[in-house]
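Now, the feature entries from Swiss-Prot:
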BINDING   ASN88, TYR91, GLU92, CYS146, THR181, ASN233, ARG238, GLY249, ILE250, LYS251  Mo-molybdopterin binding site
SIGNAL    1-44  signal peptide
Amino acid sequence: MKKNQFLKESDVTAESVFFMKRRQVLKALGISAAALSLPHAAHADLLSWFKGNDRPPAPAGKPLEFSKPAAWQNNLPLTPVDKVSGYNNFYEFGLDKADPAANAGSLKTDPWTLKISGEVAKPLTLDHDDLTRRFPLEERIYRMRCVEAWSMVVPWIGFPLHKLLALAEPTSNAKYVAFETIYAPEQMPGQQDRFIGGGLKYPYVEGLRLDEAMHPLTLMTVGVYGKALPPQNGAPVRLIVPWKYGFKGIKSIVSIKLTRERPPTTWNLAAPDEYGFYANVNPHVDHPRWSQATERFIGSGGILDVQRQPTLLFNGYADQVASLYRGLDLRENF
């Protein structure tokens, strides 16, 4: 495995830029004006989630046992843990980047059930302990690129998805893998009301081609920075596909289903002209409302240190994954 290229420590994201972009997305979905039409009582009920003192704090993640294979270690400057866990998109808990950390303590992650079904010879179910004990865990330092044109470098902990799928024995009919987030509106305010959750249809769903899911880079992730995932990062288990935009990294997964047909995906359903099924990081294919040619790295510096850097094709993993898309028009299949 080739070492990844360096990112500059001083590259930091200007949050105001992306807050404006998020508002543009919500406007396109028709959320802003509709939200203003809510009666006062409804506003009070919704905003009660965000008052602060009545929300349980997120539990501290437990230390995990894991290896550090040399192939997945590198000298990339890491994004500090407070930014990894404090600057998140998880609309089930609100739209601002700080909302998930503030509100996700309500999510109960133990007990937990993850079911693998569909076009498999041996359907199976994992419980909470299985997620950290059934497979050897390893730390992998990956780039993470958001579709909003900001990026991080994160030391995720998990196991390759292909090991889990191998246990289920996909049949010859399996062509795709569909993922689903837990549906728990009593714990997730964004699922309870469309104005908190950005107007998306829940539960959140995602999908990969089977060959993408079986690729060694694709990681079922249970930890970060040496500890179990905090709720705002997708506890107890989430998907990391480092060559794709971050919205493909579905969080708090309860179902993995192998299918014959391409499964629906949440952001593609919401805005198919803006968010494709593949969502491969590509500096040559812009979002309709902003460029993807460059990105801002969230590092250890402050706002005055902001610098842009070029976006790398497949987020810097082209040597490993470009062959998956040989002959595929990446502009048409974005």
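For all residues, glycine too, the Cβ spot is worked out from N, Cα and C.
Keep in mind that what you see is a predicted model, and the values were worked out from it rather than measured.
Features recorded in Swiss-Prot, as mapped to the structure shown.
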{"residue": "ASN88", "record": "Mo-molybdopterin binding site", "DSSP (3 states)": "coil"}
{"residue": "THR181", "record": "Mo-molybdopterin binding site", "DSSP (3 states)": "strand"}
{"residue": "ARG238", "record": "Mo-molybdopterin binding site", "DSSP (3 states)": "strand"}
{"residue": "ILE250", "record": "Mo-molybdopterin binding site", "DSSP (3 states)": "coil"}
*Using a 10 Å cut-off, grab the number of neighbouring Cβ atoms around the Cβ of GLU92 (Mo-molybdopterin binding site), all chains included.*
29
*So for ARG238 (Mo-molybdopterin binding site), how many other CB atoms are inside 10 Å of its CB?*
23
*For ILE250 (Mo-molybdopterin binding site), write down the residues of its own chain that are at least 6 apart in sequence and whose Cβ falls under 8 Å from its Cβ; none is a fine answer.*
PHE179, GLU180, THR181, TYR204, VAL205, GLU206, GLY234, ARG238, LEU239
*If you skip the near sequence neighbours and keep only those at least six away, which residues in the chain come within under 8 angstroms of ASN88 (Mo-molybdopterin binding site), Cβ to Cβ?*
LYS97, PRO100, ALA101, GLN232, ASN233
*Rounded to a whole angstrom, what is the largest C-alpha distance between any two of the residues ASN88, TYR91, GLU92, CYS146, THR181, ASN233, ARG238, GLY249, ILE250, LYS251 that the record assigns to Mo-molybdopterin?*
19
*Measure from the Cβ of THR181 (Mo-molybdopterin binding site) and count the other Cβ atoms within 10 Å, all protein chains considered.*
23
